[in-house]
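Summarising the annotation, Swiss-Prot assigns Ca(2+) 1 binding site to 117, 119, 121, 123, 128 and lists sequence analysis as the type of evidence. The Ca(2+) 2 binding site feature in Swiss-Prot is assigned to 161, 163, 165, 167, 172. The domain 'EF-hand 1' annotation in Swiss-Prot covers 31-66. The domain 'EF-hand 2' annotation in Swiss-Prot covers 67-102. Taken from Swiss-Prot, the feature domain 'EF-hand 3' applies to 104-139. Swiss-Prot lists 148-183 with the feature domain 'EF-hand 4'. What Swiss-Prot records for 2 is N-myristoyl glycine, and it gives experimental evidence as the kind of evidence. Per Swiss-Prot, the feature S-stearoyl cysteine maps to 3; the stated evidence is experimental evidence. What Swiss-Prot records for 3 is S-palmitoyl cysteine, and it gives experimental evidence as the kind of evidence. Swiss-Prot lists 201 with the feature phosphoserine, giving experimental evidence as the kind of evidence. According to Swiss-Prot, the site 'Involved in dimerization' annotation covers 140, on the basis of similarity to another entry.
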């Protein structure tokens, strides 16, 4: 194990230990190691400083650094846990953890609630849902008439806004998602597909596993 720790210490210098991150998330050590390779690739795409800025994040998601997108901005802001305008490796892994198949339903519901609550008011309001819906439709290259979008919004708030105060609180959102689990399809990160399939099934061979065998 000494050889691994010596090499790992050099490889991950300045970043959180993969074994520690694996113990705090649903990822295995091998998966964290693969995520580190991914992190290095993204964080050096514009400025090689060991951190992911918004431009690099945008480039990784949409292969374009010029395209402004509400969805990408919201995901970046939620990954930027320390609110420094950049994402370090620890935050990258912990943020991706919510998209892991073994992540709890409660965590996924909480993430999607915060994703839609763009103004951080503790409520999801109609305009926020509309903005996100339009952004997602744009990314999937789908077009809906304004009337259709308004019908979707009407139906959403009719079903989710139980107390009819014009906004959806955390409990209402949780109940709504539990009745409509398809809403969590966003948690498969379809718009991060190019990132998450860079290393299919995390095929990198872990040095920890190698030592263990």
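Cβ from N, Cα, C; glycine included.
Counting only the Cα atoms, the space from residue 119 (Ca(2+) 1 binding site) to residue 165 (Ca(2+) 2 binding site) is about 17 angstrom. Each residue contributes its Cα atom, and for residue 117 (Ca(2+) 1 binding site) and residue 161 (Ca(2+) 2 binding site) these two points are 14 Å apart. Listed in chain order, the extra residues whose Cβ falls within 8 Å of the Cβ center of the Ca(2+) 1 site residues 117, 119, 121, 123, 128 are 116, 118, 120, 122, 124, 125, 167. Sequence-distant contacts of residue 161 (Ca(2+) 2 binding site), defined as residues of its own chain at least six apart whose C-beta falls under 8 angstroms from its C-beta, comprise 167, 168, 172. Under the DSSP three-state reduction, residue 128 (Ca(2+) 1 binding site) is assigned to helix. Report note: the Ca(2+) 2 site is defined by 161, 163, 165, 167, 172, and the residues of the same chain whose CB lies within 8 Å of the CB centroid of those residues, excluding them, are 123, 157, 160, 162, 164, 166, 168, 169. Ranking the recorded positions 140, 163, 165 by Cα distance from residue 123 (Ca(2+) 1 binding site) puts 165 first. The two recorded residues, residue 140 (site 'Involved in dimerization') and residue 128 (Ca(2+) 1 binding site), have Cα atoms 18 Å apart. Here the domain 'EF-hand 2' (67-102) has long-range neighbours at 12, 15-16, 21, 24-27, 32, 35-36, 39, 50-54, 57-58, 61, 108, 111, 114-115, 118, 131-132, 134-136, 138-139, 187-189, 191-192, 196, meaning same-chain residues at least 6 beyond its ends whose C-beta is under 8 angstroms from one of its own.
Each residue in the domain 'EF-hand 1' (31-66) has a pLDDT score, and their mean in this model is 86. Other C-beta atoms found within 10 angstroms of the C-beta of residue 123 (Ca(2+) 1 binding site) number 19, with every protein chain shown included.
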